[in-house]
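Asks: One structure, pasted below without further comment.
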């Protein structure tokens with residue numbers, strides 16, 4: 001019965017039967033197939049026991065064959081399962097050849113003839129060939145290389161579709177937003193400026209310093225900005241820049257206690273003034289107290305420190321007074337020069353102002369502090385020690401007014417020029433400048449105590465006169481003489497600075513950093529610090545020589 005039903009079909013008419021690579025299962029006595037239809041051999045007891053019922057599903061036996069188009073029966077002696085009309089090779093992609101990179105695309109959902117793929121001679125369900133997930137090719141904006149590049153401007157502005165999609169797919173009218181591509185490597189085509197633009201939060205390279213470490217600046221964070229465009233609060237350092245604040249912000253900060261005070265120049269001048277006041281007081285206190293000790297047996301009528309008033313010439317007394325003045329200045333300058341500069345002398349203050357080492361405001365503050373410090377030291381020495389207060393300065397030794405003025409002027413010029421070369425000019429031995437300054441005052445006192453009292457300091461002579469209430473007729477020489485001496489020292493300092501004295505004996509300190517012949521930056525600093533510009537000397541040979 002089964003042979004009569006299927007005698008016109010052949011197993012070789014199916015694609016699987018025609019495929020030589022198909023390997024049928026070794027066991028031919030399988031009880032079932034994928035479709036649930038049993039395979040029964042011809043002339044077997046199972047085949048004889050099956051009743052002939054046309055309505056039943058046909059039973060395929062191995063002896064039966066499917067009719068081929070040529071009418072020849074199959075001679076296969078193994079069971080061949082039926083396959084769908086669409087080949088397995090047509091529904092999976094094949095790799096490309098070795099000579100080309102073209103890959104066969106995946107099979108479409110429909111067969112070549114447009115008909116739905118059906119399973120022949122099977123009663124089971126067939127899974128749809130429709131893809132259940134979207135692949136990378138199903139999305140539009142995923143890589144810049146998928147679009148027509150801007151270099152091919154005709155295709156780009158024609159809005160031509162991608163070549164790996166069907167002809168109905170078009171690129172969208174807008175490019176992807178830049179934040180989607182900011183962290184992606186730039187593409188290899190000419191669209192890199194379009195899809196990978198610079199980060200607007202970072203200034204361009206031509207507007208910022210590329211290597212701040214070379215200039216000694218600290219590194220800034222990635223997104224550096226101030227708290228606002230008006231205030232001056234630096235996030236990196238956390239310091240308040242008072243000069244960069246607006247008037248409204250300053251008024252708001254004024255409400256906080258001591259905020260404006262701690263960020264103003266007034267506070268700095270106040271601290272310098274207090275330091276100068278205390279330093280002058282301590283310097284003159286020890287100097288006046290030592291002078292009191294030296295003049296214990298002196299004449300108490302004149303109350304001066306000159307050699308003539310202290311009785312007969314006593315070298316030991318002159319040496320004692322000179323030593324106490326020199327050492328007192330050395331110690332107190334060494335202590336207070338970090339606070340106020342350790343000037344302790346109105347003549348030195350005027351000289352520093354003339355060479356622009358200090359400002360006018362600072363000079364006025366220091367001058368007042370020095371005068372007050374001299375008066376306080378005089379009060380303390382007068383009422384602290386039981387001896388007579390003999391520390392005023394007057395002319396002695398037969399010196400006239402003119403002689404007294406020039407003695408004070410020359411001695412003050414020596415002291416001021418020593419301060420210029422040891423303290424103002426920065427060098428390797430700047431930190432021991434107080435030693436040289438104290439020794440300069442010591443040798444000046446060795447000469448001046450006998451004839452003028454060795455003042456060299458208007459504040460030193462003014463304080464005792466105020467406390468004793470007696471101003472001598474020659475008191476003015478202790479103001480004019482030191483002022484002239486300061487002017488002499490300033491003029492000579494300008495002269496050697498204009499001629500670049502550093503080049504006359506380079507390397508005298510043994511410091512290559514301050515040697516202009518070995519350090520170009522020091523050479524430029526010397527040329528920039530000339531007190532008189534070269535243009536003031538005119539032009540021509542003179543200007544070239546001085547420059």
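From the backbone N, Cα and C atoms, a Cβ is placed for every residue, glycine too.
Below are the features I grabbed from Swiss-Prot:
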type	residues	note
COMPBIAS	152-169	compositional bias 'Basic and acidic residues'
COMPBIAS	198-208	compositional bias 'Basic and acidic residues'
CARBOHYD	302	N-linked glycosylation site
CARBOHYD	314	N-linked glycosylation site
REGION	1-208	region 'Disordered'
REGION	510-547	region 'Disordered'
TOPO_DOM	1-269	topological domain 'Cytoplasmic'
TOPO_DOM	291-316	topological domain 'Extracellular'
TOPO_DOM	338-363	topological domain 'Cytoplasmic'
TOPO_DOM	385-400	topological domain 'Extracellular'
TOPO_DOM	422-428	topological domain 'Cytoplasmic'
TOPO_DOM	450-475	topological domain 'Extracellular'
TOPO_DOM	497-547	topological domain 'Cytoplasmic'
TRANSMEM	270-290	transmembrane segment
TRANSMEM	317-337	transmembrane segment
TRANSMEM	364-384	transmembrane segment
TRANSMEM	401-421	transmembrane segment
TRANSMEM	429-449	transmembrane segment
TRANSMEM	476-496	transmembrane segment
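Looking at the shown structure, can you explain where the listed features end up?
Replies: Mapped onto three states, the DSSP output places residue 314 (N-linked glycosylation site) in coil.
The average pLDDT computed for the topological domain 'Cytoplasmic' (1-269) is 54.
A Cβ distance under 8 Å defines the sequence-distant neighbours of the topological domain 'Cytoplasmic' (338-363), meaning residues of its chain 6+ beyond its ends; these are 265, 269, 271-273, 275-276, 279-280, 283-284, 329, 332, 369-371, 373, 412, 415-416, 419-420, 423-424, 434, 456-460, 482-483, 485-487, 489-490, 493-494, 531.
Residues 280, 284, 287-288, 303-308, 313, 318, 321-322, 325, 344-347, 370-371, 373-379, 382, 389, 391-397, 399, 401, 403-404, 407-408, 411-412, 415, 441, 444, 481-482, 485 of the same chain, all 6+ positions outside the topological domain 'Extracellular' (450-475), place their C-beta atoms under 8 angstroms from a C-beta of that stretch.
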Asks: Run the contact check on the transmembrane segment (401-421) against the transmembrane segment (476-496): 3 or more C-beta pairs under 8 Å, excluding pairs closer than 6 in sequence.
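Replies: Since 3 or more Cβ pairs under 8 Å link them, the transmembrane segment (401-421) and the transmembrane segment (476-496) do come into contact.
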Asks: Against which stretches of its own chain does the transmembrane segment (317-337) lie, if we need a Cβ under 8 Å and a gap of at least six residues from its ends?
Replies: 275-276, 278-279, 282-284, 286-287, 289-291, 293-295, 305, 307, 310, 344, 423, 433-435, 437-439, 441-443, 445-446, 449-450, 454
Asks: In the same chain, which residue numbers or ranges, 6 or more beyond the ends of the topological domain 'Cytoplasmic' (422-428), come under 8 angstroms Cβ to Cβ?
Replies: 337, 341, 352, 355, 357, 436-437, 509-511, 514
Asks: Could you tally the C-beta atoms, other than its own, that fall within 10 angstroms of the C-beta of residue 314 (N-linked glycosylation site)?
Replies: 15
Asks: Just to be sure I understand, if DSSP states are collapsed into helix, strand and coil, how many residues of the topological domain 'Extracellular' (385-400) fall in each?
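Replies: Secondary-structure breakdown of the topological domain 'Extracellular' (385-400): 0 helix, 1 strand, 15 coil.
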